[in-house]
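This is the feature table in TrEMBL:
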DOMAIN    1-220  domain 'Peptidase M14'
ACT_SITE  195  active site, proton donor/acceptor
């Protein structure tokens, strides 16, 4: 966890942001973005200090370490796409998902912890820019509140595209972290997938592209 010491003292009420990354081994930009988030949060930047003073950040930077070690593109050592097994992860076959899910459920059931955000970082192999996937809810007011964070990102990050951001509940994505936790957690929690292009982001028109590099992703 990354936070000010006072937020981590026993019995302290916590507002938690939970971040996961690299569930798909081949999506290396997700690791660079996650590294940039960690570097910023532990820095002396005044905004980072304010964030540490008010929030607890729990970060699992690599959900698929065996797949990364083997050089797999999407699957774990045992051939599972881990981002389809959040609903019922096995402690034997999907140990990282099982551990993270249990931790999130424990926090959700703790009256002194409010899980504010869950963000799962990925990289996209066909689309440009950074963008998000969010959930669809029957409650229109909840749905509108969920759109606020991507809109703020679009206003503050030149590479983030709100027009590419989409909200869905298609069946094929039901086992993803964003979909499963969006259905589990209450309406005070916001769950997103953050996608970053493998390639470039577009500024001021289709002919003005800026390639993503390792450094550019870390500075995202």
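For all residues, glycine too, the Cβ spot is worked out from N, Cα and C.
The shown structure was predicted, so the numbers you read here are calculated from the model rather than taken from an experiment.
Surface or core, plus neighbours and distances: that's what I need for these features.
Per-residue confidence over the domain 'Peptidase M14' (1-220) averages 91 (mean pLDDT, predicted model).
For residue 195 (active site, proton donor/acceptor), the count of additional Cβ atoms within 10 Å of its Cβ stands at 24 [all protein chains shown].
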